[in-house]
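Enquirer: Feature list, courtesy of TrEMBL:
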{"type": "TRANSMEM", "residues": "A:12-31", "note": "transmembrane segment"}
{"type": "TRANSMEM", "residues": "A:38-61", "note": "transmembrane segment"}
{"type": "TRANSMEM", "residues": "A:73-91", "note": "transmembrane segment"}
{"type": "TRANSMEM", "residues": "A:112-136", "note": "transmembrane segment"}
{"type": "TRANSMEM", "residues": "A:142-160", "note": "transmembrane segment"}
{"type": "TRANSMEM", "residues": "A:181-200", "note": "transmembrane segment"}
{"type": "TRANSMEM", "residues": "A:231-251", "note": "transmembrane segment"}
{"type": "TRANSMEM", "residues": "A:263-290", "note": "transmembrane segment"}
{"type": "TRANSMEM", "residues": "A:310-333", "note": "transmembrane segment"}
{"type": "REGION", "residues": "A:359-385", "note": "region 'Disordered'"}
{"type": "COMPBIAS", "residues": "A:366-385", "note": "compositional bias 'Basic and acidic residues'"}
Amino acid sequence: MKTKNKNSDKNKYRICSAAVFILCILLLIFLEANKYKYSYITGILVRSAIYALVAVSMNLVTGFTGLFSLGQAGFMAIGAYTVGILTIPVAQRPAVYYMNGISPVIEKMYMPFWAAIIAGGIFAAFCAALIGIPVLRLKSDYLAIATLGFSEIIRAFIASPQLNKITNGSYGLKNIPSFPNLYTIFGICAVCIALIVLLINSSYGRVFKAIREDETAAQAMGINLFKYKELSFVISSFFTGIGGGLLAMFMGSIDSKTFQIALTYDILLIVVLGGIGSVTGSILGAFLITSGREWLRFFDEPLTLAGINIPLFRAGFRMVIFSILLMAVVLFYRKGIMGTNEFSWEAVFNLFKKRNSAGAGSGRSDIQDNHSDDGVKRILNDREA
Amino acid sequence: MLKVNGLKVNYGSIEAVKGVDFEVKENDIVTLIGANGAGKSTILKTVAGLIKPAEGKIEFMGDDITGFETSNIISRGITLVPEGRRVFPDMTVLENIKIGAYLRKDSLSNDIEWIYSLFPRLKERHWQHAGTLSGGEQQMLALARALMSRPKLLMMDEPSLGLAPIIVKGIFEIINEIQKSGVTVLLIEQNANMALNAASYAYVLETGRVMLKGSGKELLADESVREAYLGKNRNEKYVN
């Protein structure tokens, strides 16, 4: 009887997942058909998807391997500039590099966007590998400071006058072609996130988690700490680079200021709010934060109620509200929206059930009760049996 | 099986282990006992490759393994159950068990069955986060995790630490069972009584040196050991 229930529950969850998936596809088809009419919403969703990808890859390092790295903006910059340099149409390049001229090396170097995105990812991963060798010997806050520093170095390097003929220095790059359609961008993000999830669920993911939990114990299991930290850092940077490349294509024009520390903090905010160590949390956080900022624009406009001009409603007020909301979330959901859990339909249905039948003990407290301290006796009984 | 000769280990300028010799024979239970700071844990960590020795030689099954990488040492069949259990708290019990077999490439299902038969408790709780287990259960998990690498030599750092006496008894029963299944055990303990009763051979360490050695029974009967570690006849001689 119980197993039957379980199976029917599983089917129910599967139907829910399929329904949500189909809804997303339909929404995508609808937006693709009416791109120009809904360009505002589309823009927010695309940015959310890109941030989700970067947040998930940051979560791989921070949440699953326990390395507090703040180098995201730097690796995004590498990916973005690689994509920009490789995909600006050759005919338009003189116009982009009108101030300093273009280096003959890259003048005719052109790639289709998908190849450029992969190249951006690989280049970011390569830089991460080099940076990782000295930096990953550090722990916790020190690692964060060092990666933050490297991220700024990358940015300063890109903006330096010596690289004017390659990165166009402080003028930035423009005329970066956009995506052929919405399916491409959402498809790329989804595939990349799926790859990261596969990695996390593999035996590699288990090793990453072991390192996060206890480095000494992990080492005592024979795990080569440096090798796996470096692996996690490089893979995360690869996908961050891809995210940066996508961002460059989405924005069309980039300069080094796009990749300031504030961008890393945006991503960090998403990861923390969504739940450190939860992939679905990061995705949820990316969409909530990116769109939340826009929806709150309502507070930026003057508001007149019954002839009275309500004070405070003026430009910038939405950021105040946004900050208060964030503080509330951090105070009341200390581990983020999802904690270290992943989204499951079971949890959603249980939430409704709990609401409907208040007073019935939740599953979790039952577990706690089960293994309270009478364990002492039970262990011995088990031993004798 | 394991031979340690003239082992010296330094932490910076402090000499923690000052030339220790000991030997572990195949399929024995050998214990190192001693007070805090005697260098017991340091010796185990050095054998496991977590710390590099300053001097001395460590030989395992005839091969010199001094200064080797931990992964190399573990794949040769030495496993350490670290002090204070150190299970991975936010991973499930099953994940913890599986990570113990990290260096093995073959199928694990038989070993997991064996572990479950040894620790039925862990089977019941395989889906739970290891951090939610009780202390005794965590020690069992740490043991199970170590056994998953199919060690020839199992080294345990204070398995009784922070556990109720009745659970300690259970743990030692399991250690005996493991030894009967053909695994050699090197055990360090502050709980000298328990350790000496279980061990076939024992070494007493004091501030980085071996002070006494002998079979477990001999040391249990030894007057100075009784005074220092077993709480018998604590008199002025020891205080001074």
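Just so it is clear, glycine is given a Cβ too, placed from its N, Cα and C backbone atoms.
Mind mapping these onto the model and telling me what they sit next to?
Expert: Residues 38, 41-42, 45, 182-183, 186, 344-346, 349 of the same chain lie 6+ residues outside the transmembrane segment (A:12-31) yet bring a C-beta within less than 8 angstroms of a C-beta in it.
Distant neighbours of the transmembrane segment (A:263-290): 44-45, 47-49, 51-52, 54-56, 58-59, 62-64, 70-73, 76, 148, 151, 193, 196-197, 200, 212, 326, 329-330, 335-343; these residues of the same chain sit at least 6 beyond its ends, with a Cβ under 8 Å from one of its Cβ atoms.
Sequence-remote contacts of a segment are chain residues at least 6 beyond its ends whose Cβ falls under 8 Å from one of its Cβ atoms, and for the transmembrane segment (A:310-333) they are 269, 272-273, 292-293, 296-304, 339.
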Enquirer: Which sequence-distant residues neighbour the transmembrane segment (A:38-61)? Criterion: at least 6 residues beyond either end, Cβ under 8 Å.
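Expert: Long-range Cβ neighbours of the transmembrane segment (A:38-61): 31, 67, 69, 72, 76, 182, 185-186, 189, 192-193, 196, 199-200, 208, 232-233, 235-240, 242-244, 246-247, 250, 266-268, 270-271, 274, 276-279, 281-283, 285-287, 289-291, 294.
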Enquirer: So what's near the transmembrane segment (A:181-200) in sequence-distant terms, Cβ-Cβ under 8 Å and 6+ beyond its ends?
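Expert: Residues 28, 31-32, 35, 42, 46, 49-50, 52-53, 56-57, 60, 64, 117, 208, 235, 239, 242-243, 246, 249-250, 279, 283.
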Enquirer: Looking only at residues six or more beyond either end of the transmembrane segment (A:142-160), which have a C-beta under 8 A from one in the stretch?
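Expert: Result: 67-75, 77-78, 81, 127, 131, 134-136, 167, 169-170, 255-256, 259-261, 264.
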